Structures are given as structure tokens and as C-alpha cells.
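Taking it in order: structure first as C-alpha cells, then the write-up.
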Amino acid sequence: MFPYPTLNYPPMAPVNPMAYRDPNPPRRRWRPFRPPLAAQIEDLRRSIANLTFKQRAPNPPAGPPAKRKKPAPKPKPAAPKKKRQPPPAKKQKRKQKPGKRQRMCMKLESDKTFPIMLNGQVNGYACVVGGRVFKPLHVEGKIDNEQLAAIKLKKASIYDLEYGDVPQCMKSDTLQYTSEKPPGFYNWHHGAVQYENNRFTVPRGVGGKGDSGRPILDNRGRVVAIVLGGANEGSRTALSVVTWNQKGVTVKDTPEGSEPWSLTTVMCVLANITFPCDQPPCMPCCYEKNPHETLSMLEQNYDSQAYDLLLDAAVKCNGRRTRRDLETHFTQYKLARPYIADCSNCGHGRCDSPIAIEDIRGDAHAGYIRIQTSAMFGLKSDGVDLAYMSFMNGKTLKAIKIEHLYARTSAPCSLVSYHGYYILAQCPPGDTVTVGFQDGAIKHMCTIAHKVEFKPVGREKYRHPPEHGVELPCTKYTHKRADQGHYVEMHQPGLVADHSLLSMSSTKVKITVPSGSQVKYYCKCPDVKEGTTGSDYTTACTDLKQCRAYLIDNKKWVYNSGKLPRGEGETFKGKLHVPFVPVTSKCTATLAPEPLVEHKHRSLVLHLHPEHPTLLTTRALGSNARPTRQWIEQPTTVNFTVTGEGFEYTWGNHPPKRVWAQESGEGNPHGWPHEIVIYYYNRYPMTTVIGLCTCVAIIMVSCVTSVWLLCRTRNLCITPYRLAPNAQVPILLAVLCCVKPTRADDTLQVLNYLWNNNQNFFWMQTLIPLAALIVCMRMLRCLLCCGPAFLLVCGALGAAAYEHAAVMPNKVGIPYKALVERPGYAPVHLQIQLVTTKIIPSANLEYITCKYKTKVPSPVVKCCGSTQCSAKSLPDYQCQVFTGVYPFMWGGAYCFCDTENTQMSEVYIERAEECSVDQAKAYKVHTGTVQAVVNITYGSVSWRSADVYVNGETPAKIGDAKLTIGPLSSAWSPFDSKVVVYGHEVYNYDFPEYGTGKAGSFGDLQSRTLTSNDLYANTNLKLQRPQPGVVHTPYTQAPSGFERWKKDRGAPLNDIAPFGCTIALDPLRAENCAVGNIPLSIDIPDAAFTRIAETPTVSDLECKVTECTYASDFGGIATISYKASKAGNCPIHSPSGIAVIKENDVTLADSGAFTFHFSTASIHPAFKMQVCTSVVTCKGDCKPPKDHIVDYPAQHTETYTSAVSATAWSWLKVLVGSTSAFIVLGLIATAVVALVLFTHRH
């Protein structure tokens, strides 16, 4: 920031001009010793210079004042004793000055942000951005600016905004917006805002009500977002914002559960009085002062949006200073108390246990479970104490040390944390869960059946958390006790008979009332008499069995459990926050050893050595994906076929890898016949075998035919002379028919005679057929030289128009290259390369499904009477009345009657707490749009990452050029009409429609959002008759269809999609699908063209391929020599589709040569090269590549390739010519003999 170091000597006035002198100059290099006189002269010169500078120097700044000596203490006279002075006030710590970035943000915000006033207070803010004023729609009030308040605003309810044009005098002084939002930190009124994963977040507690409308700025003071609200997500708050995309279109991003941040006060109700929820009236304003009234106030506002504010105000007692974590969260559970409930297994059978297990949740990873019991932890009867737990010891509350608590499955569990009714533990796998404690010599425990298992993360089934590996998203129960928006339902406890309140006084039954309490009594002697008393009361009954006394406990809540009876009459409900809620986090997962990879010709061999069961998935990147999915448990070796289209495999938690096959092979297509056969046999084994068999068959047929013709001709010649004795054969026939001389009987004798008497003639006789064969071969070669060529050539890609149109393959990374030719101008090089392509369908969210939770309210037990069900609009609500029940409570009878009692049992479905982090979304998918990001180069202009729509209609402005691409030649999409999104995976799944879900299958629980009230459930829920002597609500239902679908969901679309598609979310899209072709049209501006007279003219072009490896990434090297009219730059391009050139242009001298690289799929390429306006043909032979498989796709097209090399064609012509020569020779001999015989006869 400061380029110069601080001076450590008094400043001097510089001599104009004076260069800066470094106080710490670099060391000088060694110099020879100077004479003493020269050194003295130099020192004198420096001293004079210093004196001159010092005379011009200004006065140095004053230094610190000198320390004064303390005077000797003088003896003071004895002063009279004064009162003790109060301690001095504590000096307040000075607030730290904000940083430069924050100061700039605050200044810009204060100048261009205006408060919105409502009833004399700030309700939100409006900001002026880009010539318009933006005001949140949910913020009521008037802008505190006369000019802006007079503007007529337009409403955009979809974005929760109002906007209008600012006056002309204010347009020059407005904030500018930007769509650039790289991940990092931004500024707003309260400090830094973090932007990551397309979300703006701030630490929890930073920002809140009244901050709606504030802008978020980048370091250059540009607005990147406008805040509308927020949602608490654990330790951070996700902001609901309005942003702009790259096209300047407004985009609203609202996290789940976000609330608008206007400062409008939410009102609560108490009886007929309304009051601000954060300021309850003084009568029930504090739980410690008025517990019953406070609970009633909370129950009446159960459904209020500001219930949390009211609960917080009631617990903190309005202005009382509290400790941060302990008092804020633990004190909520001081409104509740433990209870005794039924437990099916207490170690010795069924019992009423003080630590009965209500619920167990084990949907998190890494073996964590959350246990809900009837005991309470971290609380005592007199307040909060983390070292204690409390439970009901009969009718009294008792507290013991928490160290006596334990939990176990197949082995002891590790207690991680505890709070209220809940325990967070990490347990080993097991089929049962036991929770207990020891109170002196008495042991209390409760065991229920619940399967606990370790749930690994990712694609490897490890059994213990690893020390290191890869971080993957997972679900955990947060260790914090902070409220997370999840509640546990509470209510005031029902009446339970307490026989200790009854005693005999003389001959009458006396009811003893504890101090400050009320007791409800019910007596039958013989008339029924009931009532409520706050003091001791003596009845007219003479037997204790004739009365029941119930202690009314309306100062504490208990959990709304199905194991407790409900109070009589209309009972209101309350709620407290659930601790240890499931949240999305990061877990360390194992990373399987890398596979040992072996590359072969068109084959990939993987040697796998898993340490635990590991998933291996593969797919081909062509039109037929051929996906495979298998769990590997033992070391094994697997083989896969790899083609030029590509192959992808994913091993365990490693990222997917893609490989492509090259046209490698043994042998040499330009070598000897056996090398050619080996080469083609490795590439095309079946075709090579068929070709060789065909050649052998042709040779055999040719030889047999030739021999038969010659034999037939000879017989025709010799037969007439055999019939005439002593006939003399003409010389011509003797030569043609090889007539045996009289001195030899057969061929062997003739050859023996010639060998012994005239070897020269013997060799001449042998060479005659060979010479004839060679002559025939030459004749056939001349006939076949004009046959079909073995190379196919693509059409030229040049264009002779200002507007250039072409078709390019839809393959990412493969550039399209061409020379755009325009009359009178030099050719302009054009290159278009796809960076990414996106198929974005129109997705309509049908519903969200997740795991359900069965809610069992406390049953209504009517003693000696009947009750009935009432209709309720709850999901899958079931209600049934059972008669003839005889419940017991803690060992005593609950009712007088034996068979006239009734119980109304209720049960319904609600979302489980895990739904916030573990849910599936069902979408209906329709035809969407195709977008692409392209890199374009024309001439000397390059444009990177241009966004275009691939629809053939929407042009994109690329500098001064206009580009229109699309539509795709194939209207294809990897998505079916119905898809399911689960986490980061997408599945094609035919889910049921909304409202038609079946029990035990996908969609048994449906809702539009995670917080909406349109919850639908079908779980085959059936109520069962309660057992005698037990207060409970038994039921049966189908297992969760969502959990069943998760086990049977199969492979995600990302593992089975053809054409190498990568499936992504937000929004739902398929990226980089190599399907079809893309037509394109580009209008190139005149400025990109150069007059042909200004470019060099090239002549005498000669091209020589120096090195070539076909089917390899630019494995060809060629050199072109030239002569140019002048030096300059020339574009180079191959108009043939056989080769792809790496270079775009070259720099030419007057004469010389340049080298370029090319890629081709032909083994004998012959392609044209255009340099400026001149064209030369390059030819050469290419060798096969050495690498069988590579990790990059081919840069050339394989549509036009040579199947057979020129050398192979030459050998094939020789073979065909040789075999044909035998037939031709026989035909010639037959014709000559037939002609001679015909002439002889006539």
C-alpha cells in the first residue's frame, strides 16, 4: 500500500529536482583500495553537501515532551476522615473504527438508500439502482424522500418488489448493478456477506427485522443483490435476495423458510387484548411470576408467527440479563417437567418407568441417534444445572447426577449431549436400545426394539468412520441446543389420582391440599359429589375407596404423549424447540484404493482391491450407454470394451473418469503383407479373416480354372495327330501344347534330359510362364489404375459471403474451423468452440415427499361415561372410541368403574424432522430450451464464454458480430416426462399424481412445500384396542414408502444417461450432451476483413509430411515451403474434412518454410492446405498410435476415414493380378488353339 519505507532520520528539503534516496541501499560491490588523499576529498565533498541540504530543511516536527521529574513528596497535614468514595466509572471501550471497504459501503448506502417510514419508525429501506428506485413490496410505509415518495411505483409481486423511474436530476447519482458474483465476501450495512454455492449468508444474529431493502455491494460499490428477508439455518442465516443475471433480468432467490424482514410489529392475543409479541402484558409477562397465566398465554398464541418472540419474552422475563447459551435455550424447558409413562420392557417386564422411551431417531450418518425419554436432563427442580437429570419419583420430582445415566445397544453408547427430554448418543449397531440410570440401590431402565446401524456416506460401505478420506454431504444431528424451527408439542398434564391426598379424620375421609395448590375430588357415597378445593376438605364419605383426589398441576407442561391421559374439557397446546435437529453437514468418507489400470487395444482392464464393499458404475458415452452397476467386495479384475465414442467409470467415492480408445494396433499398414495382415487383424479381426479366405478362394479357383483351360486346349491340339500314325506336329502347336518329343515319355524325363544336357534351356523354359505372368500383371495394373479411390474427401468449408453458415457437431471441446472468403478481401479465419451446452427443461414441481412421523396425542379417558370422536382435517387422521377399558396409572386405578369407562384414541401423520434435509422432489418435465457457452475467434478478434440460445432465432451479439445457432438437429432430452430429484441425484421415475399416493410406496406423504398446510398422507394407519390396565394408543401402519424407494431407487440418471450427459441441478439441466449437430450463422463485420492487396501473395508451395500418427491428438507434423510477395500474416486452413489443423495463422517472410500440426483419422491422408489464397496438397503415410487408450477425445472427425492403406491396396492388386493372370493365360491359349484349328480345317 505504501511503496516507500519509513524514514528513520529527520526529513530534509529536497534540491529541485532531487531523486529519492533509499535509506537502506544495496551493498556496493568490492572496489580496489583508493589512496587516502582521494578518500579525504570525497568525505569533504559529502560533508559540504549535507550542510547545504540541512540549511534548506524545514523545522522537524516537535517530539514528545520531556518527562518531568516528580517533586519530592511534601508532608501533608492529617486530614479528617472522609466517607469512602464510590469506585470510578468503568471506562467504555472505544468502538473499533470500520475498515476502508466497510466505510465505502456505508457511505454509498447512506447516499443512495432511503428509509421507509411507518408510524414514525423505520420499517425498511428503498435503494436507487440503475436509474430506478426499488422498494420491497412487503414493506409498508412511505419513502423518506420528497422526490422519491412522489413517484408512482409499479408492482412486481413475483419478485416482491415495487419499482419506478427516478427523476432526471437523480439519475446521475445512482448505484450501478452487476451480474458478476464470484464466490467470496461482499459488503452490506452490517459488515461482510458470504456468497457461496449461489447463496448469500451471514452469521446468525447479524441482520433481521427492518433490514429489508438494503443493498449488498461489491468492492467497487456496485449492487449485486437487494435483501428481502432471511432464514435461520443453524449458525448462519441465508438471505432472501433479488439479483440480476448476465442478461440484466431480475432473479429472486428465496431459501426455504425465509421470512420478510420488515419491521411491522406482529401482535399476539390474550383473552380479548392484543399486544406486541415481544412485549407481553405485565400480568403474565414472566413465567417465574405467573406460571399458569404464562402457559395459558403461550397456548392461546400457539399458531402465531411470532410464537418464538413471545416464548423468548416469557422465559427471559423482559429485560432480565441472561447468559447467552445456557439461559436462552435451556430455560425453555423449565416450563416442562418429567413424567412417568408405560415401558414395555423394564428389564423385569412391563412397568411404569420414570425414564420411558418415547421416540428414537436414527436417520443421521455415523451412528448418531436421538432418544426422547420421559425424564429430563440438564434441569433441576430449582433451575438449570447441566450436571443433573430429573425424573418423577412417584409424585415428587427428584434430581440426581447425570453421571448415573447410561445408554446402550449391543454395547454401551457414548453420550454426546443432552437437553430437555432428549439425549444425543453415538451407539454401536444393535437391534434394541436401552436407557437407564441408577438412583442409589434402585435401577431404572427401559428397553425398546429399534435397529441401530452405521450408515456410511457415499458409494462405499465402510463400518467405522475413517481418519481421513473425502468430504461428502451427509446428515448429522447438530450438537447445538439452539432452536432450528422444529417443535415438540406440549400440553398441561391431565388429572392423575393421588391417593396420598386422602386420609381418615375420625370416621370421615379428609382431603389434604398442599400449600399453594388445588385438588379436584370425586366422591360417591352414595351420591356423586365432585369439586375443586384449595384448602383441606372433609367429605361425608366413610371409606377411602369411595373418593378419588386429583392434584391439579397447571404450572408445568408435559409432552403430549400417547402414554399419558389428556385433561378433561378443551385442552390447549404449547410447543418448545426440539434440540439436536438434523442438519446437512460434511462427513469424512473412505476413499477406496485407486484401481490398477491396464490399457489394451479397445479394452480397459481394472484390477480392483476394495477394503470394503465398493460400488463400480460404468457407461458408454455414445447413443447406447450400456450402464453397469455392481458392488465389488473382493479383489477382482474386470474388463470393459472402450470405443472412440468414450467410456466412463466411477470407482467408489472417486470422481468419474473418462477415457477414449485410439485406433492403435500391431503391425504396419504400410509394410510387408504379413505386417499388413497383423495390423488389420488386430483392428478388424472378422473382416480380415473373411478377406483372407476370399483371397485364398479366388486364388484356388483361378488356378483350377487356368489348369483346366490349358489341359482342355492341349487335348484339342494333340488329339488329331495322335490318331494319325507318324504324323508330324507343326512347330506352333508343339510350342503351344507342349507336345512331348520322341526322346522323352513324360515331363519329368524331359526336365531330366534338359538338366543333364542343356541347363540354360531348362531355365529358359521355366522363366517363360513367369514372364507371361509379369506381363499380365502389368496389363491388369494399367487397367485398374483408374479404379475407385480408397480415400473419401469432405467438401470444402469455405464461404464466399459476408454471412457465413455451416453445421458443426454438438461436441464440447471440438472446434469448428473455416476460412470465410469474401470477394476482394483476404480470407478470414473463423473458429467456434463449444465450452458447455445445457438442455434446460421446463420443470414443474408437483410435490415433495419425505419420511413421515406418526403423531399420537394423549388419549381421552372418560371414567364411568362415554366420549366420541370429532372430525379433524389432519393428514391420515384416525380416531376411534374403545369401551370397557380399565386403565391404571402408576399402579393405581384411574377410574371407579370397571367396564363403563371409554377411551378415545387419535393418531395422524406429520412430516418428520428429517424432511428439512432428506426429501425427494417430484417434477413434471416439459420441453425446454438449449443454451450454450461458446468461444469465438474471427480474424484478430477473440470472444470468450459467450452465452447463446440454441434455438435458431435468438441472435447473440459477439462484439460487432451477430451469431445465431440452432436448433439442434435432434430434439432429444435425457429426461422423461416425470423425474424425481433426491439430493444431488436425478431419477426418471413414474411417480403417482398428487393426492393418489399409495401406502408403502413413493408418494405416501405429499406436500407442495416443506412448510405448507396441504399435507397429504396415506399410510394404512389403523388403531388397535388398548391393553387392559395400560394407558396407551396402539396402532399399525405400513412402512415408509420414501424409505423403501430409497433402497430400491436404482441408478441415478447421471450414471445411465447416454451421449455422456452430465446431470446438474439449480436449475435442472443436462450438460454437454454430445447428440446431433448444430447449424450456425454468423454475420462478420467489415472491420474484420482486409483488402487482398494488403496481404501477402504466396507461391511455390510445397508440402511435406515429416511425421504422422493417425487417430492421435495432433500427432501429425508437416512442413510447407513457400515464397511470398511480402512479409505478413496469413491464415491457414484445411478445407478438407480429413485433417484438423492446430494452428490458425502463420507469420510469413519473403521466403522460407513453416511447420504446422494436424490431426487425422486416415492412415494415408491426402488433404488440401490453404495458405492465404493459395492451396497445396499434403500427402503422407501415418503410423498407428502407441497408446491404446487416452483421457481426451479425438480432435478429428472419423466420418471420412480410409479403411485400407495404399500399400495394402498395392499388394491386393498384385495378388488379384497374379491370380487373374492364370485365367487370362488359359483364355489366350484356348483362343489361339481354337483359331489354329479353325484355320487348319478350312
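Glycine too: its Cβ is placed from the backbone N, Cα and C atoms.
The feature compositional bias 'Basic residues' is assigned by Swiss-Prot to 66-104.
The disulfide bond annotation in Swiss-Prot covers CYS850-CYS915 (among others). CYS850 (disulfide bond) has a Cβ environment of 23 other Cβ atoms inside 10 Å.
CYS863 (disulfide bond) carries neither a helix nor a strand DSSP state and counts as coil. With a cut-off of 8 Å between CB atoms and residues at least 6 apart in sequence, the same chain places TYR894, CYS895, PHE896, CYS897, ASN901 near CYS863 (disulfide bond), listed in sequence order. The feature disulfide bond is assigned by Swiss-Prot to CYS863-CYS895 (among others).
For CYS864-CYS897 (among others), the entry in Swiss-Prot reads disulfide bond. Using a 10 Å radius centred on the Cβ of CYS864 (disulfide bond) and all shown protein chains, the other Cβ atoms total 15.
The disulfide bond annotation in Swiss-Prot covers CYS869-CYS879 (among others). Taken residue by residue with DSSP, CYS879 (disulfide bond) is part of a strand.
Cβ-based neighbour count (10 Å, all protein chains) for CYS1061 (disulfide bond) stands at 26. Feature annotation from Swiss-Prot assigns disulfide bond to CYS1061-CYS1073 (among others); the stated evidence is similarity to another entry.
The feature disulfide bond is assigned by Swiss-Prot to CYS1103-CYS1178 (among others), with similarity to another entry given as support. Take the CB of CYS1103 (disulfide bond) and look out to 10 A: across all protein chains shown you find 20 other CB atoms.
Under the heading disulfide bond, Swiss-Prot lists CYS1108-CYS1182 (among others). In this structure, CYS1182 (disulfide bond) belongs to neither helix nor strand by DSSP; it is coil. Under 8 Å, Cβ to Cβ, and six or more positions away along its own chain, CYS1182 (disulfide bond) finds CYS1108, THR1109, TYR1110, GLY1115, GLY1116, THR1160, SER1162, ILE1163, HIS1164, PRO1165.
If you draw a 10 Å sphere around the CB of CYS1130 (disulfide bond), it holds 23 other CB atoms from the protein chains shown. As annotated by Swiss-Prot, disulfide bond applies to CYS1130-CYS1172 (among others), with the evidence given as similarity to another entry.
Taken from Swiss-Prot, the feature domain 'Peptidase S3' applies to 112-261, supported by sequence analysis.
Per Swiss-Prot, N-linked glycosylation site is recorded for ASN272, and the stated evidence type is sequence analysis. The Cβ neighbour count for ASN272 (N-linked glycosylation site), using a 10 Å radius over every protein chain in view, is 5. When secondary structure is read from DSSP and collapsed to three states, ASN272 (N-linked glycosylation site) falls in the coil class.
Annotation note: CYS717 (S-palmitoyl cysteine) sits in a helical segment as assigned by DSSP. Residues or ranges marked as S-palmitoyl cysteine by Swiss-Prot: CYS717 (among others).
Residues annotated as S-palmitoyl cysteine in Swiss-Prot: CYS737 (among others).
According to Swiss-Prot, the S-palmitoyl cysteine annotation covers CYS738 (among others).
Marked as phosphoserine by Swiss-Prot: SER110.
The region 'Disordered' annotation in Swiss-Prot covers 1-104.
Separation of the C-alpha atoms of CYS1178 (disulfide bond) and CYS879 (disulfide bond): 88 Å, rounded to the nearest whole number.
Listed in sequence order, ASN810, THR837, ILE839, TRP972, PRO974, ALA1057, PHE1059, GLY1060, CYS1061 are the same-chain residues six or more apart from CYS1073 (disulfide bond) with CB atoms under 8 A from its CB.
DSSP assigns CYS869 (disulfide bond) to coil, not to a helix or a strand. Annotation for the disulfide-bonded residues CYS897, CYS1108, CYS1172: lowest Cβ count within 10 Å of the residue's own Cβ, CYS897. Of all the Cβ atoms in the protein chains shown, 24 others lie within 10 Å of the Cβ of CYS717 (S-palmitoyl cysteine). CYS915 (disulfide bond) is 30 Å away from CYS869 (disulfide bond) when you measure Cα to Cα. A straight line from the CA of CYS1103 (disulfide bond) to the CA of ASN272 (N-linked glycosylation site) spans 99 Å. Note: the CA-CA distance between CYS717 (S-palmitoyl cysteine) and CYS1172 (disulfide bond) rounds to 71 Å.
Put simply, CYS879 (disulfide bond) is 24 Å from CYS850 (disulfide bond) when counted between their Cα atoms. Of all the disulfide-bonded residues listed here (CYS869, CYS915, CYS1178), it is CYS869 whose C-beta has the fewest other C-beta atoms within 10 angstroms. Of all the disulfide-bonded residues given, namely CYS879, CYS895, the one with the smallest number of surrounding CB atoms inside 10 A is CYS879. Separating the Cα atoms of ASN272 (N-linked glycosylation site) and CYS1172 (disulfide bond) is a whole-number distance of 91 Å. Considering only the disulfide-bonded residues CYS864, CYS879, CYS915, CYS1172 (disulfide bond) has CYS915 as its nearest partner by CA-CA distance.
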